[in-house]
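Heads up: the structure comes next, in structure tokens.
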Amino acid sequence: MYMPEILSYGFMQRAFIAGVMVALICPTIGIFIVLRRLSMIGDTLSHVALAGVAAGMLGGIYPIYSALVFSILAAFGIEKLRKAYQDYAELSIAIILSTGIGLATILISMGSGNAAIFSYLFGSIALVSSRDVLFVMILSIFILVSTILLYRGLFYITFDEEAAGLSGVPVKWLNHYFIVLIAVTIAVAMRIVGILLVSSLMVVPVATSLQLAKSFKSAWLYSMVFGLLAVLIGLTLSFYGDLAPGGTIVISGVVILMVTIFLKSIIKKKEVSSSGMSITNSLSK
Amino acid sequence: MNTVVEAKNLSFQYDTVPLLKDVNFRIYEGDFMGIVGPNGSAKSTLVKLLLGILKPQQGTIFLMGQPIEVFQQWNEIGYISQRVRSFNASFPATVEEIIAANLYHEMGFLKFLRKKHHEEIERVLEVVDMGDYKKRLIGTLSGGQQQRIFIARTLISNPKIIFMDEPLVGVDVASQEKFYTLMEKLNKQLGITLIMVSHDLGVITEHTSRVACVGNQQVFVHSSKTFNEEQYIKSVYGEKTKLLLHRH
């Protein structure tokens, strides 16, 4: 049976399996982040995850485990600080972001594995192990099932938190659970996309889907389709060009966004000119 | 007449600023009550207290005869807040998705919309005369149309009382007329008790059955028929104030 060269390598098969999962979960969480205007949370938690990776390498622990623990703790830290600074919600994010970067810098300078850190920063396809794939699969299924089950509540909170609370949606509990889902998504996605670009994969496919969406459900589905396209194209480019996959995936996503905006503007112009024509025709009659 | 909302010895202050002091009043089943008062007089605060969003420092609120702390039937209470239309205009949600969100408790564990839920959505859209807008994105509707959709969202849970906080801000005059026609339908035909904060004194006294005046940390309730608008304005803005009655 014919198999493209790219899929004949075990490491590429693993990268594609993990990549597809990441392509589904990042926009799934991203759509709620974007619509709640919380894009900075993704960046913050991924910087804390970097400190977790460095700590794991220093302590001889599987770095993704330590990144997961660090980002979940940071997620709760943000929630806790938000209560202390109720009128300056973004301050809690800035404090955790600074802590994450500071801690990561110290821990990285204490260690000697800078090349390995580099692979976590920008993503890697050659280094995705079977253990990574298993970890990504289990947690991705957990994230997808959680989001599908909690979709109605998350949607209502995203649109109108006050009304959601009054209609019986457990707002506080869902907010806590959601921020843990963001932290888990970052830990899952960082092996492929890299810590610095995780939040981009959460945001860019969503931005593209918002150009076309005719409902919330369609925005979610389109964002997953655009995420998948970006990951598949990005991984292929990464393989043939020997480039870091994080960069190729995100840039593929941005190109898809630009093409979508361009095509949409052409269609809109055509619609305007054809409706203008029909008005002129009816007037001339 | 059944009392559906009661405030007993209610006092509330923000930090050290007292806003309401030892307030007592009742709202009866079938009332259409307008809440009026100058800016900053605690009209919205009063509504939030009656809904349990804010907690009073002193006093008790009863909803349908039960103290608010133990009240459970929140699906029977509707609330349209002042900020309801302050959502992001390009939010990708259809009218149907927004109304369905209020069926959260009816959807069961998996939160799937069943046939009866779709029928309910169609019914409430017909009530607010927006039957053709089910699949439209909320951001593409006018202010008046959005307001009707949020009323439909409230109606989906079959409320007995609806609280509205300045629902007509930013809504054009023609839509305001339609709004009051709809309110009359909800109040008279469906028997829903309506409580509405408004700054438009003339219009509110024309349409409501009773008026609650909020100011000087007190709440006074009058029948709309006996409410003296001129006297009220003088008491709020001073004796020298004169009403300029005119028609557009």
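Glycine residues also receive a Cβ, built from the backbone N, Cα and C atoms like all the rest.
TrEMBL: automatically predicted annotations, no manual curation.
Taken straight from TrEMBL:
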TRANSMEM  A:15-35  transmembrane segment
TRANSMEM  A:47-73  transmembrane segment
TRANSMEM  A:93-121  transmembrane segment
TRANSMEM  A:133-157  transmembrane segment
TRANSMEM  A:177-207  transmembrane segment
TRANSMEM  A:219-240  transmembrane segment
TRANSMEM  A:246-267  transmembrane segment
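Proximity of the transmembrane segment (A:93-121) to the transmembrane segment (A:219-240) is not established, fewer than 3 Cβ-Cβ distances being under 8 Å for residue pairs spaced 6 or more apart. By the count of Cβ pairs under 8 Å, the stretch nearest in packing to the transmembrane segment (A:219-240) among A:15-35, A:47-73, A:133-157, A:177-207 is A:15-35.
Recorded stretches compared: A:47-73, A:133-157, A:177-207, A:246-267; the one with the most Cβ pairs under 8 Å to the transmembrane segment (A:15-35) is A:177-207. Sequence-distant contacts of the transmembrane segment (A:133-157) (same chain, six or more residues past either end, CB-CB distance under 8 Å): 14, 17-18, 21-22, 24-25, 28-29, 32, 36, 64, 163-164, 167, 169-171, 174-175, 177-178, 181, 184-185, 187-188, 191-192, 216. Taking Cβ pairs closer than 8 Å, the transmembrane segment (A:47-73) reaches residues 96-97, 99-101, 103-104, 107-108, 110-111, 113, 116-117, 120-121, 131-132, 135, 180, 183-184, 186-188, 190-191, 195, 198 in its own chain, all 6 or more past its ends.
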